[in-house]
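Features reported for this protein in Swiss-Prot:
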BINDING   Arg23, Gln24, Ala25, Gly26, Arg27, Asp73, Tyr149, Thr204, His321  substrate binding site
SITE      Asp73  site 'Transition state stabilizer'
Amino acid sequence: MRKLFLDAFGEKKLDKPPVWIMRQAGRYLPEYRAVRAKFDNFMDMCRNADACCEVALHPLQRYDLDAAIVFSDILTIPEAMGMDLKFIKGTGPVFSEPIQSQKDLDKLKSIEDSIGSLDYVYNAVKTTSSAINVPLIGFTGSPWTLAAYMIEGSGSKQFNKLRKMMYANPQLMHSLLQRLADITIIYLLEQVKAGASSVMIFDTWGGILPLEHYKNFSLKYMEYIAKNVKQKINIPIVFFTKGGSNFFEEIKDKSCDGVGVDWSVTLKQARHRIGVGKVLQGNFDPAFLYGSKQSIRETVRANIEFIQSDKLNNYIVNLGHGIYPDIDPDSVRVMIDAIREFSA
């Protein structure tokens with residue numbers, strides 16, 4: 001197995017950084033769209049281990065990447081807890097009966113029953129890990145991010161229902177977050193048992209919170225998960241809070257091994273605020289792939305020059321969030337080739 005990705009979490013400074021891409025198995029690839037067309041709905045595809053493996057392999061077959069990520073969705077846990085999940089074209093994920101009260105919370109399945117409904121994810125991990133020669137990344141949504149969808153019923157611009165519960169009924173909010181955290185620990189451990197070499201916690205909506213509430217309602221539960229997972233098996237764990245650059249000083253002392261960085265700050269700024277010891281992952285603006293070949297190469301060169309100038313810390317080159325569906329696959333090749341060229 002090529003271990004450059006895992007080596008980034010070691011103490012030795014690497015000669016070149018590993019690279020992978022958030023949502024690297026996705027709609028920007030025509031081969032992905034061909035597989036997706038075979039299924040009536042997205043979750044049916046996620047439940048098919050062979051399909052998950054096939055689409056996870058697509059980017060590895062096209063590009064020189066150092067890691068794969070299991071093909072799944074962050075909302076598998078809420079669905080396993082008994083919530084009715086549908087993916088609606090033009091809207092995205094929708095829960096028909098959002099969590100609004102303690103009564104709604106009481107309707108959810110137990111942790112044991114919920115975990116038993118997620119075997120299809122572990123099967124996808126096992127099938128994919130046996131088919132690749134690079135590390136496989138397992139993942140989950142943070143409890144706060146899962147709760148955001150469970151309470152709102154869908155994505156939102158302002159998350160008023162979510163934030164209302166946080167302020168008006170914090171006890172209920174913490175009850176939901178704790179249950180999600182307890183399930184997530186088992187969920188990640190099962191992914192590791194099935195073949196994941198590291199795990200990532202996507203805190204997509206943590207960035208909407210004020211600092212103190214981020215600490216109490218998001219970071220607290222990510223840290224709880226990381227500590228409990230590491231008590232069982234010491235694997236690399238990456239925290240990624242989208243829009244979370246204001247929280248780096250809080251994250252730097254937590255149990256994660258790496259921190260995802262979006263494009264709102266430079267890697268130099270992120271390193272200054274996080275300090276030494278954590279791997280930084282990121283942080284290209286996904287939209288930079290709309291640019292010309294020359295502009296892509298220039299942007300890559302600047303980041304690689306900084307990475308190589310830091311003699312103490314390792315970096316994982318990635319986008320600052322998921323790749324956009326309408327990105328030209330050839331632009332991704334330009335990016336990766338430039339990363340390899342300027343890292344040589």
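Backbone N, Cα and C define each Cβ position, glycine as well.
By neighbour count, meaning other C-beta atoms within 10 Å, the densest spot among the binding-site residues Arg27, His321 is His321. Looking only at the recorded positions Arg23, Ala25, Asp73, Tyr149, the densest Cβ neighbourhood within 10 Å occurs at Tyr149. Residues listed for substrate, Arg23, Gln24, Ala25, Gly26, Arg27, Asp73, Tyr149, Thr204, His321, cover a largest CA to CA span of 23 Å. If you take the Cα of Arg27 (substrate binding site) and the Cα of Asp73 (site 'Transition state stabilizer'), they are about 14 angstrom apart, rounded to a whole number.
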